[in-house]
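Student: Can you read through this structure? Questions will come right after.
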Amino acid sequence: MLSIVVLLLLMAEGSSQNYTGNPVICMGHHAVANGTMVKTLTDDQVEVVTAQELVESQNLPELCPSPLRLVDGQTCDIVNGALGSPGCDHLNGAEWDVFIERPSAVDTCYPFDVPDYQSLRSILANNGKFEFIAEEFQWSTVKQNGKSGACKRANINDFFNRLNWLVKSDGNAYPLQNLTKINNGDYARLYIWGVHHPSTDTEQTNLYKNNPGRVTVSTKTSQTSVVPNIGSRPLVRGQSGRISFYWTIVEPGDLIVFNTIGNLIAPRGHYKLNNQKKSTILNTAVPIGSCVSRCHTDKGSLSRTKPFQNISRIAIGDCPKYVKQGSLKLATGMRNIPEKASRGLFGAIAGFIENGWQGLIDGWYGFRHQNAEGTGTAADLKSTQAAIDQINGKLNRLIEKTNEKYHQIEKEFEQVEGRIQDLEKYVEDTKIDLWSYNAEFLVALENQHTIDVADSEMNKLFERVRRQLRENAEDKGNGCFEIFHKCDNNCIESIRNGTYDHDIYRDEAINNRFQIQGVKLTQGYKDIILWISFSISCFLLVALLLAFILWACQNGNIRCQICI
């Protein structure tokens, strides 16, 4: 059996070197055994030679501190950092692009609430820096620097270090306080102040003498007036009283007035606001590492090599857009038509209409030929480069279309009614649905264009060769031409590079074409004549047989008897 196989291989090899038919040249395109399926405008499953995944599905398990500056709040959230709670001293003067709030952050001072918490949190985060400017406040006939056992610093009773707790004087006096601060600077000031709510009337009079107290804070355009809400509450860090913190922004040229007869938690200064800063905040437990990335999510940092991601809808920085799809593939190669097995011992060749060529690795398009000198394959770099020039940069163009700074944070509503929260969620979901649809459509459109461009360049190559050969060759209908004149490898090369001279071979090609067509016609008539001759012979044999039977019956040599 082995000897038979060897013999067949030798015959096939020998045949390629002793080819006696007309030269044949075929146009073809690159193919691979297993391509990649992509979606186009007209088909959900089109196999292409190569494709690139556009949806990022992997992230780093850490946050990258470069090039964006990250500040880790550790046990402090951003509001406690601004108030100056114990344990937040590491945030003094901190500056950030992204403030990292930890889910494990806790309050470490007197129990408090902020009626407009999210707005204050957003202002502080966007400011990008804790730049506190201390000021002198002249409070008369009151005791300052109140402390609490709920707010210990180094095991000593203390308080928020950015605020001043005012209580009655040792002489049991808390006269009306009326203090004005004018903003003569060129930046807006953020003042944070508070109102203490004692748990009992006794506590109220012990601390402030006056019952009820009152705090009013005004600017030229706003006024906030608060009367303490006295009442018993659950103990938190040993305290049933509470503090409500408020904030006021004073623009340049404006002023702020503090008016109180008790219960004021006064500021010790203000925070400088920077309207040009575009910083933000991220709540996550992911640790900060030593990597480099411009995009952060609550799951970790991402690279920006792909235009889309489906890791998290919470994304900060220069990030891929979040989409619902787990995969979107961009075609970066032509339609894939895997090559068929060689047919017969003589390795019949076929062009692009029947299949692609897996051996064509130097280009997308190329030639195969068969002539008296053998067979060969060569890439056509001109058509390949023309297609690549149009297709290259698709990924960059796609990224440019989605390259705007993308900052999407899930809102945290604490004290707004559920209908607003539901509306916000609906808007965010609708935005994501829209982006997901746009992404899928955009990729399908680009894929359709890629395949159309690739097919167009293949057709251009075929037409270029056809115009060169003209009547010197015949289109075989499968992407190949049968050439009607002798065409050695130099001749084949001239067809490939576009220098083929049709006139040189014209007379030879016409003569050979007529001879070949005449042989074909003669062979056709021969078949017809054979069939006619066979039919006449059969007819004559039957006629002779009938004549013999009639003659024999007349002479009595054969008697026919018919019975009914």
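Placement of Cβ uses the backbone N, Cα and C atoms for every residue, glycine included.
So Swiss-Prot has the following annotated:
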- Cys64-Cys291: disulfide bond (DISULFID)
- Cys76-Cys88: disulfide bond (DISULFID)
- Cys109-Cys151: disulfide bond (DISULFID)
- Cys295-Cys319: disulfide bond (DISULFID)
- Cys487-Cys491: disulfide bond (DISULFID)
- Asn18: N-linked glycosylation site (CARBOHYD)
- Asn34: N-linked glycosylation site (CARBOHYD)
- Asn178: N-linked glycosylation site (CARBOHYD)
- Asn310: N-linked glycosylation site (CARBOHYD)
- Asn497: N-linked glycosylation site (CARBOHYD)
- Cys553: S-palmitoyl cysteine (LIPID)
- Cys560: S-palmitoyl cysteine (LIPID)
- Cys563: S-palmitoyl cysteine (LIPID)
- 1-16: signal peptide (SIGNAL)
- 17-527: topological domain 'Extracellular' (TOPO_DOM)
- 549-564: topological domain 'Cytoplasmic' (TOPO_DOM)
Student: Take the Cβ of Cys491 (disulfide bond) and count every other Cβ within 10 Å, whichever protein chain it belongs to.
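Tutor: That number is 21.
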Student: What does the structure give for the C-alpha distance between Cys76 (disulfide bond) and Cys64 (disulfide bond)? Integer Å is fine.
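Tutor: Here the two Cα atoms lie 20 Å apart.
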Student: Tell me the Cα distance separating Cys487 (disulfide bond) from Cys553 (S-palmitoyl cysteine), rounded to the nearest angstrom.
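Tutor: About 72 Å separates the two Cα atoms.
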Student: Rank aside, I only need the closest one: which of the recorded positions Cys151, Asn310, Cys487 has its C-alpha nearest to that of Asn497 (N-linked glycosylation site)?
Tutor: Cys487
Student: Would you mind pulling the DSSP three-state label for Cys151 (disulfide bond)?
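Tutor: Cys151 (disulfide bond) sits in a strand per DSSP.
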Student: Which of the recorded positions Cys109, Asn178, Cys295, Cys319, Cys487 has its Cα closest in space to the Cα of Cys64 (disulfide bond)?
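Tutor: For Cys64 (disulfide bond), the spatially nearest of the recorded positions is Cys295.
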Student: Sort the disulfide-bonded residues Cys291, Cys295, Cys487, Cys491 by C-alpha distance from Asn178 (N-linked glycosylation site) and give me just the closest.
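Tutor: Comparing Cα positions, the candidate nearest Asn178 (N-linked glycosylation site) turns out to be Cys295.
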Student: With a 10 Å radius around each C-beta, find which of these recorded positions (Cys64, Cys76, Cys109, Cys319, Cys553) has the fewest other C-beta atoms nearby.
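Tutor: Per-residue Cβ counts within 10 Å for the recorded positions Cys64, Cys76, Cys109, Cys319, Cys553 bottom out at Cys553.
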Student: What Cα-Cα separation, expressed in whole Å, is found between Cys291 (disulfide bond) and Asn310 (N-linked glycosylation site)?
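Tutor: Asn310 (N-linked glycosylation site) has its Cα 21 Å from the Cα of Cys291 (disulfide bond).
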Student: Of Asn34, Asn178, Asn310, Asn497, which of the glycosylation sites has the most Cβ neighbours inside 10 Å?
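Tutor: Neighbour-count leader: Asn310.
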Student: Which residue among the disulfide-bonded residues Cys88, Cys151, Cys291, Cys295, Cys487 has the fewest other Cβ atoms within 10 Å of its Cβ, if you could check?
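Tutor: If we count Cβ atoms within 10 Å for the disulfide-bonded residues Cys88, Cys151, Cys291, Cys295, Cys487, the smallest count is at Cys291.
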Student: How many Å lie between the Cα of Asn34 (N-linked glycosylation site) and the Cα of Cys151 (disulfide bond)?
Tutor: 68
Student: Give the helix, strand or coil assignment DSSP yields for Cys319 (disulfide bond).
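Tutor: It is coil.
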Student: Need one number: mean pLDDT over the topological domain 'Extracellular' (17-527).
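Tutor: The predicted confidence over the topological domain 'Extracellular' (17-527), as a mean pLDDT, is 87.
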